[in-house]
Amino acid sequence: MSIMLSISRRRNSYILLNHSRFLRRFSYDVDPRPEIKLESQEFVVVKFVKTLQKTPQHDWASSESLSALVVSSSSASPLVFSQITRRLGSYSLAISFFEYLDAKSQSLKRREESLSLALQSVIEFAGSEPDPRDKLLRLYEIAKEKNIPLTVVATNLLIRWFGRMGMVNQSVLVYERLDSNMKNSQVRNVVVDVLLRNGLVDDAFKVLDEMLQKESVFPPNRITADIVLHEVWKGRLLTEEKIIALISRFSSHGVSPNSVWLTRFISSLCKNARANAAWDILSDLMKNKTPLEAPPFNALLSCLGRNMDISRMNDLVLKMDEVKIRPDVVTLGILINTLCKSRRVDEALEVFEKMRGKRTDDGNVIKADSIHFNTLIDGLCKVGRLKEAEELLVRMKLEERCAPNAVTYNCLIDGYCRAGKLETAKEVVSRMKEDEIKPNVVTVNTIVGGMCRHHGLNMAVVFFMDMEKEGVKGNVVTYMTLIHACCSVSNVEKAMYWYEKMLEAGCSPDAKIYYALISGLCQVRRDHDAIRVVEKLKEGGFSLDLLAYNMLIGLFCDKNNTEKVYEMLTDMEKEGKKPDSITYNTLISFFGKHKDFESVERMMEQMREDGLDPTVTTYGAVIDAYCSVGELDEALKLFKDMGLHSKVNPNTVIYNILINAFSKLGNFGQALSLKEEMKMKMVRPNVETYNALFKCLNEKTQGETLLKLMDEMVEQSCEPNQITMEILMERLSGSDELVKLRKFMQGYSVASPTEKASPFDVFSLG
């Protein structure tokens, strides 16, 4: 049973509530009508307070001068007695004066108003006492006993303070005993706040629902929305959907949440991938013409920008303009940042020019700052418009009087590095120093990265060492870049050197550093060093990823280290990493080379059980293994199975394996048949295909076939390689044949009859 319902059923137990006059006027909002001038009212207050202070408290009742002041003061506003009570300075004096005033109340012209306001001041004093509970209860009982109506302020104070002291029942009693006409929005706000803070959500929403009715006499206001929305969201009392519905109900009364709360809620929705819901909320608020500011729109614009939804961003900005919501400096930043990231730099520059200088809702002018300029300069650099970026930097310094910073120059440096203009990038570093801007680690990483990308590893090392001398230290990114660059050119010794330097510099390696080292060591087949790096990786609290496992398994397979292969597979299983098709293909190739076809079959079966279909690489590895041991029948059987039972079609590599195998056996007919099948199935032969066929041909007996194949290569635009030329030079040794070979090299047909060779034609081959 709710508190409000239980209290409602106990109302008859309060005898005082049977007085209809008390019910009707238990509380009201005083609208004092000043009857004398403000200066005269102040004079009355000062005179009364001084007289009270001079007169001993036990003589107040008998003091004729005080009695006279009561009579004369009653001609003034009832507020006089509230002010007198406040200026007494303590609860004890305030309650004594109230009791004195009550005893003399027959002399007051506006008794109820005067006593109500004086009691309000006493309640204010009581609430600030160290232990106010009993005092507040006593004052409330006095109001009931003496039939003194409470002011709205006094009512709110009692409801709030009782609630804070955990006396929610008492708060509700105060509210319930009010006349319905006195339960205005201000009082209801306090009640709702107290109920929500004490977890009585249902009771709070009963009061709120009355306020949210269409024809409500006391509708919600901005304070109502602030109280309710703050509490329900902070305490997770409602779902997002119900909060959205609640905002809509407030919106129908022309009330919007405060800008800070609404911005946070919109941001939360966007974070939860609910940008459409955020859009609907703002649209509904705009439709009902509720007062709104730019920040909530900025939150949604940021979300749309992250998703590169520029079309909807444009629509939202237009809606803002329609309802006269002025964008601010944050709006400008969001728009130009998104446009620059999407490479629409011209539009970003246009927005920048249009919005600068406009006034915001708070009266400030949108002034471009270094962040805006940096965004535009970076955008121009990213699309290669370096000259315009430099011009904007000049304008930034001279026209706008906006000082560039390290970010500004780092953007330019990155632009020049992307364009391969490394010397110009270094010149920008010198300009930084001239402007008394110290290069930072981002500067170093940008140039080192640019130099490494453009094959300037040595240059990158020199630059980095120079920067270190100037006091700019590298970080993990710097060392990662150098290590990766060294590994990419198979200079693993240097990569290990930079790894050690990184440790000396106090930089903790991350997993990517270890992966780069493992990759480099696997490429140069240094298995022992790779194992040591794996151990270091695990000591650092990291684990191998699937790519690293595959590289290591491949390395150990090449080294014929079966023990380590199985160790890696066991480790993978412990780490919860499932083998992928690359893992299985590597293992199948390994077992195939060792003629362990039982393991090959087992691996293929395991592969299917893991939900992985054999790939063209899988079939290629097995077919190659069968061919390498002369099991061509098994190889052909698997080859045909590809076309019949799997979705994988043979590619050029698989055809070449078979053609090469048959050519080695001298079975040119079978090899040529496979080549013709390639043509029929639209699988393009390559130079390896023709080289295998050429090896099988004898110039004396199969000269025409040789020339036809050479013509096919020309027609297919298949470039011969060094092996092709060596085979053909051996097969075509006569002068006429050498002329044909020269024409073949030049891309001409050779099968048709040719003119007699010039004596110098032979030398043109050299």
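Placement of Cβ uses the backbone N, Cα and C atoms for every residue, glycine included.
Note that the structure is a prediction, hence the values are computed from the model and not measured.
As recorded in Swiss-Prot, the features of this protein are as follows:
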type	residues	note
REPEAT	151-181	repeat 'PPR 1'
REPEAT	221-257	repeat 'PPR 3'
REPEAT	258-292	repeat 'PPR 4'
REPEAT	293-327	repeat 'PPR 5'
REPEAT	328-358	repeat 'PPR 6'
REPEAT	369-404	repeat 'PPR 7'
REPEAT	440-474	repeat 'PPR 9'
REPEAT	510-544	repeat 'PPR 11'
REPEAT	545-579	repeat 'PPR 12'
REPEAT	615-650	repeat 'PPR 14'
REPEAT	651-685	repeat 'PPR 15'
REPEAT	686-720	repeat 'PPR 16'
TRANSIT	1-30	transit peptide
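Mean predicted confidence for the repeat 'PPR 12' (545-579): the pLDDT average there is 92.
Here the repeat 'PPR 6' (328-358) has long-range neighbours at 294-295, 297-298, 301-302, 304-305, 308, 310, 313, 317, 364-369, 371-372, 375-376, 378-380, 382-383, 385, meaning same-chain residues at least 6 beyond its ends whose C-beta is under 8 angstroms from one of its own. Here the repeat 'PPR 6' (328-358) is broken down by DSSP into helix, strand and coil counts: 24 helix, 0 strand, 7 coil. Sequence-distant contacts of the repeat 'PPR 11' (510-544) (same chain, at least 6 residues past either end, Cβ-Cβ under 8 Å): 476, 479-480, 483-484, 486-488, 490, 492, 495-496, 499, 502, 551-552, 554-556, 558-559, 561, 564, 571-572, 575, 577. DSSP assignment over the repeat 'PPR 4' (258-292) gives 26 helix, 0 strand, 9 coil. For the repeat 'PPR 7' (369-404), the DSSP counts in helix, strand and coil order read 26 helix, 0 strand, 10 coil. When Cβ-Cβ distances below 8 Å are used as the criterion, the repeat 'PPR 9' (440-474) is approached by residues 406-407, 409-410, 413-414, 416-418, 420, 422, 425-426, 429, 432, 481-482, 484-486, 489, 502, 505, 507 of the same chain, each at least six residues removed from its ends.
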